[in-house]
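All remarks here apply to the structure that follows.
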Ligand SMILES: *Cc1c(COP(=O)(O)O)cnc(C)c1O
């Protein structure tokens, strides 16, 4: 099938929950993708931070092929060798002592919420259940995680929502302190907010957060579903801030594209779960666990995080140069290869224009261009991406000028607007 045929079939049979771009990607290798019409793309999105090793990394493909031919699935009523090996690697490279495996980021966060409540009730009493989360956060789409996600646009029309969540602005220590009540048991936060616009908080926020948690006996839950596993140049993003959680969730990049989530915790906290308390049929099954063991091996031993930091500095340098040239870029920010350009206007048109020129990027929070390239990119890839982006940004300037001219023209005819107001009229574009 070609792009048009796949799109037509999809529109007919697949639920309309995504604003999809009109192509189908059918093949990938490294940082390159090909669509069903044979067009090649440079991938600066990596399946939303999933394909961190690039597409079809030989070690991951090999692990999957071998495991598929050996044993695809057994239930968690038995011990699973690749799952046990994966848990060992995660524990030996993190603050955690124990791991629970599931299938997605939302499921990992759902498990984290349950574990925090269970631990708190057992340890501190039945009135401890409330979890504080951050505005502009993203924790998933199940009812509990969409409630933890403090963004009304994701919650609208799904009420009644589960109880026991409170929201504060991300990075606002005073608001956080005020939000702590006798019922609070945990704080759930992304060390770098992804979906909400690649937002960072000051180091002092993280130090203060850790102090507040200790002083008030609260569990710290870090959602590293997007920012974890090397994405920011360290294995876990919280390592940048010198703070340690009691519970951490992972997913996206964990199994290199096979669906997997994980919930990590210290022994003390993890022990709140006993047999029968939580479960997941597919969680950590042999196939995905074997893929994840290979992913962790590459991540830890093949220099990917060094490359991530180096490419991040190189890419950010270019983006800062673009910002000086194109004032409608209001901010360039990021950590490692989790990078964003905030615009003074919607970014969807820029994403579509980049796609047309063979570059895959994303727009989040309506006006934030988000770049999540695979951690294996090289300087030539960055140069190519920046060249395409600059071409598209230049066309925005040209469209702006044409727009301003025509508005000014109309204004002078109607004699109501000044040329200065004409400049404020935005070009077309749709928020996602
Ligand atoms: C993507 C994401 C999730 C949800 O993961 P799913 O696998 O889509 O359920 C949760 N938290 C963060 C930070 C994410 O980026």
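Heads up, residue numbers simply count up from 1 along the chain you see.
Backbone N, Cα and C atoms are what each Cβ position is placed from, and that goes for glycine too.
The pyridoxal 5'-phosphate binding site feature in TrEMBL is assigned to 105, 106, 138, 223, 224, 225, 226, 281. According to its DSSP assignment, residue 226 (pyridoxal 5'-phosphate binding site) is coil. Other Cβ atoms within 10 Å of the Cβ of residue 226 (pyridoxal 5'-phosphate binding site) number 27 in total over all chains.
The annotation N(2)-acetyl-L-ornithine binding site is assigned in TrEMBL to 141, 280. Cβ-based neighbour count (10 Å, all protein chains) for residue 280 (N(2)-acetyl-L-ornithine binding site) stands at 19. Classification of residue 280 (N(2)-acetyl-L-ornithine binding site) by DSSP places it in coil, neither helical nor stranded.
Taken from TrEMBL, the feature N6-(pyridoxal phosphate)lysine applies to 252. Neighbours of residue 252 (N6-(pyridoxal phosphate)lysine), defined as other CB atoms within 10 A of its CB across all chains, total 27.
All protein chains included, residue 106 (pyridoxal 5'-phosphate binding site) registers 24 other Cβ atoms within 10 Å of its own Cβ.
Separation of the C-alpha atoms of residue 281 (pyridoxal 5'-phosphate binding site) and residue 252 (N6-(pyridoxal phosphate)lysine): 19 Å, rounded to the nearest whole number. Between the CA atoms of residue 223 (pyridoxal 5'-phosphate binding site) and residue 280 (N(2)-acetyl-L-ornithine binding site) there is a gap of 19 Å, rounded to the nearest whole number.
On its own chain, residue 225 (pyridoxal 5'-phosphate binding site) has 105, 108, 109, 139, 140, 190, 194, 249, 250, 251, 252, 261 as residues at least 6 apart in sequence with a Cβ closer than 8 Å to its own Cβ. Residue 224 (pyridoxal 5'-phosphate binding site) sits 16 Å from residue 141 (N(2)-acetyl-L-ornithine binding site), counting Cα to Cα.
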